[in-house]
Amino acid sequence: MGQGSGDDGVPPAPFSSAAAAAHSPPHSPLSVGVSSASSATSSSSTPPSSTSPAGVSASGARNVETDWKQSGDENLAELCIFHVPDKSVSLPNPKRAECTLPMNLILKSSSKNRKKSSIWSSDHIPRGVRFGPLVGEIRLVDVDTALVCPAEASMAGGGPAQEDVPFDEAPEEWKIYSPSGGRLNKTICVKDDARSNWMKYVAAAEEEDFQNLVAAQIGNDIYFYTVKKIEANTELSFWFSRDYARKLNYSTRPYVRVRRPATQLIPSAPPASASTAIASLAETIVAIDYSVKKLIESPIDTLSTDASSASDEEMIDVEEQESCTRPVAEVTRPNVIQNPVVRPVATKVNNFPGIPVRLGNFYASPLVDFKEFMRKSLQLKLVDTSMFVSPVAQTTAAITATGGRSGQPIDVQPVLAATAGAHFGNYAAIYGSQDFQHELSKPLYTSASPAFGGGGGMGGGFGMGGSAHTSSFHQLPFVNHSSSSHNDSSFNGVPNYVQQQENGKTRYACKDCNKTFGQLSNLKVHVRTHTGERPFKCEICTKEFTQLAHLQKHHLVHTGERPHRCDICDKRFSSTSNLKTHLRLHNGQKPYTCDVCDAKFTQYVHLRLHKRLHANERPYSCGTCGKKYISPSGLRTHWKTTTCKEEDMKDSMRDDLMDIKGEIDEGSMSGSGYGNLGIFENTLNSELKRPLMPIETIYSKYNLPNASLLGQGPSGMQEQQAPPPTSQQQQHMMYGNTMGHMGQGSHLQGPPPPPQHFQMDHSGMQNGGGIPHQHQLIQGGPSSGSGQQQHPQHNGIHRLPDLKNPLLPSLGLPHYP
């Protein structure tokens, strides 16, 4: 073996002339002669073991090829001298796989099976050429099959626990593993010709001499590498690389693919009755952890064989095994286990009608996988019977005596794990529901379908004589899932996320938007934003929430509890997020800046609404007249002042909220600095129910002097009573009202006090500055000499009041200096 063989280093250089001497056995139909010119060597490109002054022997060329076949995937990628891409094909094309064949390759009948096609070379192909990647239909795997045994663990304690290859010529599904081999990321299905490429036709090598390609996983793709020189008119055949074969638990050499070790046949025995056969097997069947459980379908009539005639080294083909009587597989001890733990195994036995069966000690103490039982009983979508019976219970109930109580097997006393009597925690406190506490008093199983037999409940099946047993196991908490809650698709066996590995840490990616999370629980909460699921419902106002914490926070609205207080103005809030947002009004913090006009805001939702002014974005439209508005309040005001029919805006408001949340999740905002998004959500949800607040109501609510603010116009004369605002003016007024509502939280107790150095400048207002111009835009223009109001005309993009005016905090509106 050369210097680069095995695991100790880098294989020889790809242009080694020794590799040009491809070796084929004499009986091979693909034998290629080795000329003297091709056997010339170069000492700089071949290992010492494969070079000689006169030339290269056949054994030296074989060593070089073996070095390449046993190289790691990373070494193969580094030694690639040329990459052959697929031929570009226009889509759609039902024969895409055949049309993607690159140059020097053709598709014709296979040498092993004339009915199937294979890939052949039409010209010389050197060693070190890479083909690929493999193209096919990407299929994600579920959670149960994603985690596999790593390659290192499968080889612990001895030789590798190799599996039989489940295909004859080429696989129809290729598996993509994580770098460690402990997790299956996805599979690539190549059944459909319209969605795959030519690599699906490459046949697997049956013997090592015919192998000229290795299939390696590089990243998340499959590539083929030539491991030796391929002459013209040679059929391409592959086997898996060293690293990829270990991930698949396959042999690294192809010649053991179609053979299995000999199995021991049961010697002939006189026929026995069904009850005797089952009873004898029940006393002897034991299993070891991680071993494959036996499945006995019927008493076996074996053939008389001479055990001594078969040697230990004999290999029995699959066809020979199928022609003989079906043998019982021998229980093998895995290499990982050194001190096995012997325990009884729940064996599936057919119930023979009319024959009373007594199992004796076979089911004396079956060990119930309590953790798995709890997971399925709480997560699976239950059927109309609202019942989940464990597989052990179903098997036990199927084998019963003819005389005895209904549904109760004879001599069956299941023994639970040591954690069966442990307390399961306060589920009522977690879910916060009285209905859940009511469910705690219900037994998990009824007498009509007991899990382990014995009367009503589960006490009778535990050797308690049917008496009431106060263990917490037989009164498991049972959650009655409604149709609108807990619709996690992972309960149906189809996961809604993809597990990934980033920098040695496990990340969970959402299938819908590809966002990644470090915690699986956070991802499950995020998925509810796509499904619209709100499993937590308030019992007072029937409002629904995506998280339990949001429901608990919402309960403070009904109780009126406000535990968080502002140290500056003594205003109280129901949550810390509302308090942090409020403190920005005192310290002047405005972390959100407009990219267009450099306006700054205390909350991100304010900036989001402000940006709609520049972009003329109007997501809320009237279905009757087609007019569009910036905020839901503007559309609601339009419906009040016109004859247009009012519509439901919940969907559009929810989409608007999801857009803002999505921008925050994408990283545009960091930490808790994006402001009180919960207040914005409550505002959107309650916008349709909240009545319109005129500007006069704001003055009376906060005891503001009406004459000092609106009584004096630019001319110094007393203004007449303004007429009711127009629909466009109400839109601006509602926008300011909405901004004030979000800025102060869902419970307005009054605006924060203005700074101590601030004093109201009445002269400025008399000279036409200050707030009168604000309310001229909202309430109406200044009075003319004739005493009639002149309302300004608004064309194009309607501008809002000057949000930088220092009087706005006194009106309950946000202030932006």
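Using the three backbone atoms N, Cα and C, a Cβ is placed for every residue, glycine included.
Not measured: the values here are computed from a predicted model.
Annotated compositional bias 'Low complexity' per Swiss-Prot: 15-61 (among others), in sequence order.
Annotated compositional bias 'Low complexity' per Swiss-Prot: 779-794 (among others), in sequence order.
As annotated by Swiss-Prot, domain 'SET' applies to 103-241, with the evidence given as sequence analysis.
Sequence annotations record features per position, and here Swiss-Prot assigns region 'Disordered' to 1-62 (among others).
What Swiss-Prot lists as region 'Disordered' is 709-817 (among others).
According to Swiss-Prot, the zinc finger annotation covers 508-530 (among others). Residue counts for the zinc finger (508-530) under DSSP, helix first, then strand, then coil, are 11 helix, 5 strand, 7 coil.
Per Swiss-Prot, zinc finger is recorded for 536-558 (among others), and the stated evidence type is sequence analysis. Summarising model confidence by region, the zinc finger (536-558) averages a pLDDT of 87.
As annotated by Swiss-Prot, zinc finger applies to 564-586 (among others).
Using DSSP to sort the residues of the zinc finger (592-614) gives these counts of helix, strand and coil: 11 helix, 4 strand, 8 coil. Annotation comment: Swiss-Prot describes 592-614 (among others) as zinc finger.
Residues or ranges marked as zinc finger by Swiss-Prot on the basis of sequence analysis: 620-642 (among others).
Break the zinc finger (564-586) down by DSSP state and the numbers are 11 helix, 4 strand, 8 coil. Secondary structure of the zinc finger (536-558), assigned with DSSP and counted as helix (H, G, I), strand (E, B) and coil, comes to 11 helix, 4 strand, 8 coil. In terms of DSSP helix, strand and coil, the domain 'SET' (103-241) has 18 helix, 51 strand, 70 coil.
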